[in-house]
Amino acid sequence: MPPPLQAHRMLLSHRRTSPIPRRRFTAVSSLSSPPAKTLAPGPTPSSILSIRESLLSGERTAADITSEYLSRLRRTEPSLRSFIHVADAAAEREAEELDRRIASGGQDAVGPLAGVLVGVKDNLCTASMPSTGGSRILDGFQPAYDATAVRRLREAGAIVVGKTNLDEFGMGSTTEGSGFQVTTNPWDDSRVPGGSSGGSASAVSARQCVVSLGSDTGGSVRQPASFCGVVGLKPTYGRVSRFGLMAYASSLDVVGCFGSSVFDTATILSVIAGHDKMDSTSSSHDVPDYRSDLASLSLLESKPLNNVRIGIIQETLGEGVDAGVISSIRAAASHLEQLGSVVEEVSMPSFSLGLPAYYILASSEASSNLSRYDGIRYGRQVSADDLNELYGNSRASGLGHEVKMRILMGTYALSAGYYDAYYKRAQQVRTLVKKSFEEALGKYDILISPAAPSAAYKIGEKTNDPLAMYAGDIMTVNVNMAGLPALVVPCGFVEGGSAGLPVGLQMIGSPFSEGNLLRVGHIFEQTLQDLSFVPPLAADN
């Protein structure tokens, strides 16, 4: 993030923009176009459907499936370190109980996620295992209840296999900021998996679990999905209950999910979405079956996206974005055109203003939310002679550098002499960002952009350059500021590692348009040619 005075100047320099200019998209790609009336083969299978079919047919048992995933997890975890806590014994017991229910009651005895192993980001509360938020200040803390999203997964038959690693309290973009360990990328273990939900993305990519939950405050689901080559969904704000999610920035936090296919991600959203009386910000908007519009490849028309209008955001393909990423996104746009959609470039001049405003707002909210970690109500306590010293010593000992820095930044922005200059001005910019999206989405069904300006970079590469790390969030923070849904699907590769590094395409929609994003993402995924997003590490195992 820019220093406070620089950020202030950036906010002050904003002027009201003219109506959104747009022009016809011209693809720049080395990929040849498929024949107009054929669809490319190679559908991405649904792990959830496969597990359900094998269980109900008697082909496999839940115990066998669980054993397979746990075996892969044990082999790969020493190098990946995706999980802070693995509940292997509990998972095996739940699988055995599921087999008994299937034997006695058949299909009617099990839920839609029966036998599906789920990883849960460790800032979501779980009653049966520790929940640390990736912070030493909560080391060993075990809540008395499950987060609503976790409870709904369990009620649908899912087996929670463990708690995944993250940047401390969700504050970071690499998972290097965890208080416990550094997670690596399954495509190249010398690189970061992204963050803050890096453990959840890495676990799904390496097939350590079937699907996983994450949280997204400024891109923490979408950026790691891009880095790890998996599908990541950030729902509309309020679509999924935040009850049981450790608060970072309450007006921006969203519970999201990862899967190896769009169908699996849609299945998870169908289960966890919906109003919750325990969260006053959760929406009562109807929850459809998000799988219902996801047709198989054999049923698709030659132009399945006919008349779908897509805007590619110009500002996300310019300076600061790697050439390989731009090439992948333009190739993806070309593929969408071949599927029948109309793709045009659209300019959103306010797009670059979201980043400094986001860091002011998120840090301000964090400075309030994290005051609860005082060594008395929660977590680690360091003895002292008086109360203020106890607070200070407990926080100094338990909180990491990045968290302390953001608390200080937020406290400064909210202080009496600077509130109007920073926090109020950032809220005004947030309004402009929302209006910009409303105008663009009034003309287009979907907006697209990269999910990150680069593919996964080396561990330690940006540790000493926080401004460069913050700048990596430029593609994602505006979506949180506007409260919109966004889906990331793998779309290509750039050079790096032994098999290339994946690149993710971000699709942004209007509020509560997750169904449309998933439909387009599913068609895109099913019709990609000659691309497999299974990392060598998972394939070898």
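Just so it is clear, glycine is given a Cβ too, placed from its N, Cα and C backbone atoms.
As annotated by TrEMBL, active site, charge relay system applies to Lys121, Ser196. Residues annotated as active site, acyl-ester intermediate in TrEMBL: Ser220. Here TrEMBL flags 64-518 as domain 'Amidase'.
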Pairwise CA distance, Ser196 (active site, charge relay system) versus Lys121 (active site, charge relay system), rounded so that it is a whole Å: 9
Rounded Cα-Cα span from Lys121 (active site, charge relay system) to Ser220 (active site, acyl-ester intermediate), Å: 11
Lys121 (active site, charge relay system) CB neighbourhood, other CB atoms within 10 A: 35
Fewest other C-beta atoms within 10 angstroms, as judged across Ser196, Ser220, which are the active-site residues: Ser196
Per-region confidence, the domain 'Amidase' (64-518) (mean pLDDT, whole number): 96
